[in-house]
Amino acid sequence: MNPRPAGDGFGLHLVTDERVPFARLLEVVDAAASAGVDVVQVRAKSASGREFLRQARAVADAVAGRALVLVNDRVDVALAARDAGARIDGVHLGQSDLPPTTARRLLGAHTVVGWTANTPAHLDAASAFPAGTLDYLGVGVIRPTSTKPNHPPVLGVEGFAGLAARTALPCIAIGGVVDGDVVALRDAGAAGVAVVSAICAADDPGAATRAFRTAAAFATPGAVAAR
Ligand SMILES: Cc1ncc(COP(=O)(O)OP(=O)(O)O)c(N)n1
Ligand SMILES: Cc1ncsc1CCOP(=O)(O)O
Ligand SMILES: [Mg+2]
């Protein structure tokens, strides 16, 4: 399943920020969904399973079908939210989560399964999965970021390009990404970007989302000439 990029073909993923009060986070998600985000990933590293389930259901309600909704890390929470009637489109898994092959079997073919890959070895592992296991890779970090303590080594745009060139899977750049990075990351082979702070910490999350969309339109080959 395609993570449904907007008309410019560039995927914009909003990853939720657990530092933001949840009521405000739902406002952020609503504004970003209205402004054209493609994917909302629910990330709640310090929440209990029950609290994570509550958040996943509430975010899916707020998105109301305007973007794909993915659950970070937890296949069980994705399944539980679906069981409760929420529209959950998939999961984003890290290297220490359940294997993507297991997630694919449990969640089914019509589900987005994304996986974190920050090294050549991770890319080799990704390419060893059966075809159709993974929909995209999350690759980073582009810059140091306080959002993820102990994040993997900084790749920069050049390091990202080196990894993206080694795989046919769509690569989503993450970590310290701002709208001004979109053109360079697209040139470096990014199929999209995933951001936390650039949207969640913005005074106007709708405007912040539109800034990414505008940048993506300019970054799209042919888009400028077509306007
Ligand atoms: C799109 C995207 N890419 C990478 C990550 C990072 O996932 P992970 O390494 O599992 O780290 P946590 O997000 O779980 O802290 C991501 N979440 N999304
Ligand atoms: C979840 C995650 N994985 C790698 S960096 C990161 C956080 C990115 O947050 P920000 O966009 O605020 O730098
Ligand atoms: Mg993870």
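Using N, Cα and C of the backbone, Cβ positions are placed for all residues, glycine too.
Those TrEMBL annotations? Automatic predictions, nothing curated.
Residues or ranges marked as domain 'Thiamine phosphate synthase/TenI' in TrEMBL: 12-199.
Taking the Cβ of Q41 (4-amino-2-methyl-5-(diphosphooxymethyl)pyrimidine binding site) as reference, residues of its chain lying under 8 Å away and at least six apart in sequence are, in sequence order, H13, L14, V15, T16, V69, L70, V71, N72, H92, A194. In the three-state DSSP classification, Q41 (4-amino-2-methyl-5-(diphosphooxymethyl)pyrimidine binding site) falls within a strand. Sequence annotations record features per position, and here TrEMBL assigns 4-amino-2-methyl-5-(diphosphooxymethyl)pyrimidine binding site to Q41, V42, R43, A44, K45, N72, T116, K148.
Summarising the annotation, TrEMBL assigns Mg(2+) binding site to D73, D97. The Cβ of D73 (Mg(2+) binding site) has 20 other Cβ atoms within 10 Å, all protein chains considered.
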Rounded to a whole number, how many Å is the Cα of A44 (4-amino-2-methyl-5-(diphosphooxymethyl)pyrimidine binding site) away from the Cα of D73 (Mg(2+) binding site)? 9
Measuring Cα to Cα across Q41, V42, R43, A44, K45, N72, T116, K148, which the record gives as the 4-amino-2-methyl-5-(diphosphooxymethyl)pyrimidine binders, how far apart are the two most distant ones in Å? 16
When you measure from each Cβ to the nearest atom of ligand 3, which of the binding-site residues V42, R43, K45, D73, K148 fall under 6 angstroms? D73
Name the one residue among R43, K45, T116, K148 whose Cα is closest in three-dimensional space to that of D97 (Mg(2+) binding site); these are the binding-site residues. T116
Least surrounded among the binding-site residues, given as N72, T116, when other CB atoms within 10 Å are counted: T116
Overall pLDDT of the domain 'Thiamine phosphate synthase/TenI' (12-199), taken as the mean: 98
